[in-house]
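One structure below.
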């Protein structure tokens, strides 16, 4: 509890936007009931506290059975927030807790992955009438809700926080970029400079990972299936080749493609002794962990968070079981990145709270003006002023 | 002529895609008449030659009175291409030449800026019946044609080459990025490392310019009006401030915003003695040249392509009269970048040639499969192989 | 013990040079007694094991009361090495253990900081007759031994491992550069990109720290007292200013100057709320910790390894008490960097062992051929071949 | 003349140190006669003018038959400087001019390459009695004078400007780094991003060239004969391999080793069609031009400053005949870099002028306090202030 409180206080130092919103919108929620499903750790806890201070009654549960930090959960209760969350391997307990949050009859839902929203729409439909809207921040969650919408089952308005520019431009590039290498360095103590680092996928995450690997002195090799992205990688100064070739010279492999089996088991057979594998994609499907586990001659704990496998007499190391390396074996995104995302979420909830009567039961893109507002607040928090278009310049642009 | 031929031969060494397409589509145009309006220099000349070798009858004029290189024009005639182009300050001659190309009754139009297309649609409408379609490669040209379309005046299908990914991702970032600094360095012989370089605008061009300035050792300052782009610039490691502040410490200022007066005359009054100004945006409106010319105490030619002004006793240097610095005072984009763009154009003409009967009279986005084809050909020309999604992986992606 | 062994096994995977030397020089020491004083953790433990496998009888103690990891010490005993080391705050125990190693009458000394060597030359001079020579790897240790030499007190040959190129070029730039940021990131979870990072000192360490900060997306500001280094920093693209100015805008300050009070208490009063301070220099004198502790309105543990201070109502955070941040709050240099340093040390001991009869009692520069040997072995371990000068080329060079 | 004067005026804008010294030391030379041998172009002309304004009688000749720009020479005469220099292929004229400068019985010599000094010591020894000292700025010149010294033939004091930190740290890295790429880009108009750029040699020049190639988006490959430098290159993120391997994949090769035949003719046979070769080392011996010329099936002028060769049916392009690419096919170092070097030279002449009576007839290292003075003046010209060690800090450093 003491440790949980300390963690929350630490992150509060680096969340200027939530701190600002707490003041600007003080009391806005006026006892509205908000149900939240989140990875319950210090940063999300501070989001819950923020919503509480904005006047909401807040009910929190986890969005993944294993991601709840119990000391933070305990501390959160002390802030007057109702917490139904516990780190557990028991999925029943997990779903039970989701339902307990729904039992409070929330009016607004803040979801991460859409488990809460899907239960609401399938098993607890009697509660839908209370709900003004949902704010969902993940790609996966947005997809699930779009699926509901396509089938005509979506019964409340949804705002796709994930689609905000201030979310996906920043979270993926600067967040994943840094936290992936933070995790790999702390868990291995190996040198990055001069290493052959293979980055699978040159989407926003892959760009961030490759950029930071270069910044740490690595020789970066990118693999891609999209020829256009492959040429971008090339012109950004990276080597580009097939995974089957890259695998042979890799010292470290990081996957972030969103696709399964991006590293094939055959690739692993060709890797050098001592290679290190990590996944920065959402699901643990990019590295063929099951085949590795099945075929390894020996399996051992090599270091905290690092498993070693002997395959064909060579050692293969996998960080964090092939799960999202920055979360499974680190502290997740840097605090300031989450401050941006949480400001987007908070504003989206306020938006729904104020406008729900005019909203349809569909998935909305993130409102542009709120996206810009978050950017503007961030600049303000940094004391940075930028230019504004003059009336004349606006006119000029129309005349194109 | 000799010099023109030599220039053309030089660029042909670095245009693998045009060289490839010449073989793959040999004869495809089968005496189709193509009218082209282009900046007539070695790279575009080689595009004309390529179309000729693909079987077309080619008629060429300039797309800007001053951008025609007469030695290249002369050489081009020798390749069996009809050229109506001359470097001139006389706009009448320029428009006369555009009309001369139309006199040949072209069936396909390759346009750059849409002068040819607009004349066709306004003054020479009797020729529209021959025209199967237009391929237009600039932002400006696409906008003009969209305006025609909105007013119901567009009478032929148009393909917006500018909108291809292989165009705007590459041309702006890697093309403008390099050629802007090539031009500034060759025209000033000044050191970039350690300089305060102000880049106005953080769009694709501005990113390229900032990235390369950093790569040359500068301390880069970005100005923006869009708060989201401002934060991206910041997280890319650049300083961000208002132009009025940046102007005071600038050693070199490069504009690339597409807006007029991005540097204000008041900013210039605050600049340091010896500051160097250049514009990388399309039009010469970003630096307030007129006010500078009007108010300068003294104006002098400081170096070839560089004009000096004494204002308030301080020297201000402007490269290339504030026109697009890489073209007005350099050789334009690197050859390989234009090879990509020209491959896109060639494929779009073939596409129209084959499919015009099924096309409507509207502006089409660039066909994705051709965009990818160009990327794939580029990789092939480099001997680079990339991965392909397996059937299983495709299935996995659908199941998200 | 189990955990200690696991740690040692982990590092052994990334120490190709020690692994190679174990084979090449198997048995070379032929029961020679080696006394070692080291920071006893996994990497140094593996050095001790290597010496053991080269035939030596090895006696190990710590070189700092607090840097011994007891689980590693316990594991080391199992490898047949005599260990007199314990993590302790009691300096008596520490010096007792140094003496216990000397009691074994070592013939070769491997020292880190020169405590063992100084005791030998001052309090245990009767043992000097057994000693063939000393290998010392730190700047501090080399200075102390040079002082002994100047006073005519040095009685055995010494090899200054610290002065090898493969040591100070790599250890400082790539080792400190990476491990400083590894430590700051893991201990704060804050974003580096877009931050104002002030690096005090642009020596080899400072260069490494600045280079990696830039690589992580920071806006880097360097402070220096040497005008030449200041201009180098500038031309490397960094901002350069006085600490009193830099302090006002700093988000993170890292010192690495080797000088005390490089950050003054007055600077701290001008810093922003929430600033983070870390020291990467050898001693904890660069940040004025005592004055901070004395004057703070409140002191609190902000996070593991991070102390918070309230000064003038603003929060100041200090990582690792102002001690060497990569060691005090991290795992020290990356393994491969230490592999280079330890290979240099091992070769220097073999060199003394073979040549001591011809060596004088003075501090020797590191032998160039061994320096190159380590580089050559490193390249070999990576499978990299480089060019060789031909006879003709050698002749050409002489003819200059 | 008009063009020569304009060139000189241009460079004067970017030479703050010479401009400063002109004022600080006005009249110091008090009609002392200075003989100069230099590459006579705008930047060196401004050095001559500076010395003139400091009160000297200045006599100028070239230091290479081909590097004199005749318009600058003509303009220089108008400033009251005696010029004996002409661009010529006739070596007799060249040596005649050197002698003409000596005929004026100079008291101070400013030399570049030591031709003037060597003639003085061998053929014109009767003039030695007038000479107070020599300032020599090149590596080659310093070596020749050291050879004279070793043979007991040196009869005047020499200051080795080349050895100043403000010379070789900056000139090579930032000067050669930028100007090499400026030259390659302007002479080829090819894209650097995504290219395989092979840099032969990782000395100060090679580092600058590699660093800037990376900054322009290239995939950089370094070749070396020194294993330590090879590992530095590796840890700086570059690929390292043998030239015979690098040659096969190179798009652009730049040599800067100081050794002959660093590219072998056999390597050229293995290169790709269209490869571009350039040399940034002092002499045109690094690329085997003679063998290429002899064996080529066809030789042609490919572009201004670029020669094409057909060898085994493949095209090989060489810029500037394999001579120092930034000078032979460009404008040499950026102006500000030369300002640093010339300030060093000017100060060394003043130093000799004032202290010659106390100097021995030997080659002196560059005086440290003048080196620091130049750095300090440069910072001042930029308006940058840096820290100073306090008395306490100085004490602390002694106590180490």
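Each residue, glycine too, has its Cβ placed from N, Cα and C.
What TrEMBL lists as NAD(+) binding site is D:138-140, D:203-208, D:224, D:280-282, D:326, D:333. According to DSSP, residue D:140 (NAD(+) binding site) is assigned to a helical segment.
Summarising the annotation, TrEMBL assigns domain 'S-adenosyl-L-homocysteine hydrolase NAD binding' to D:172-332.
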Name the residues of the same chain, 6+ apart in sequence, whose Cβ is under 8 Å from the Cβ of residue D:206 (NAD(+) binding site)? D:199, D:200, D:222, D:256, D:257
Between D:282, D:333, which of the binding-site residues has its C-beta surrounded by the fewest other C-beta atoms within 10 Å? D:282
Cβ atoms near residue D:138 (NAD(+) binding site) (within 10 Å, other residues, all chains): 18
Quick one: give me the count of other CB atoms within 10 A of the CB of residue D:280 (NAD(+) binding site). 29
Among all protein chains shown, how many Cβ atoms are found within 10 Å of the Cβ of residue D:140 (NAD(+) binding site), not counting that one? 16
Counting Cβ atoms within 10 Å of each Cβ, the densest environment among the binding-site residues D:204, D:208 belongs to D:208
Quick one: what's DSSP say for residue D:333 (NAD(+) binding site), helix, strand or coil? coil
Sort residue D:206 (NAD(+) binding site) into helix, strand or coil using the DSSP assignment. helix
Run a quick check on D:140, D:206, D:208, D:280, D:282: which of these binding-site residues have any Cβ-Cβ distance to chain C under 8 Å? D:140
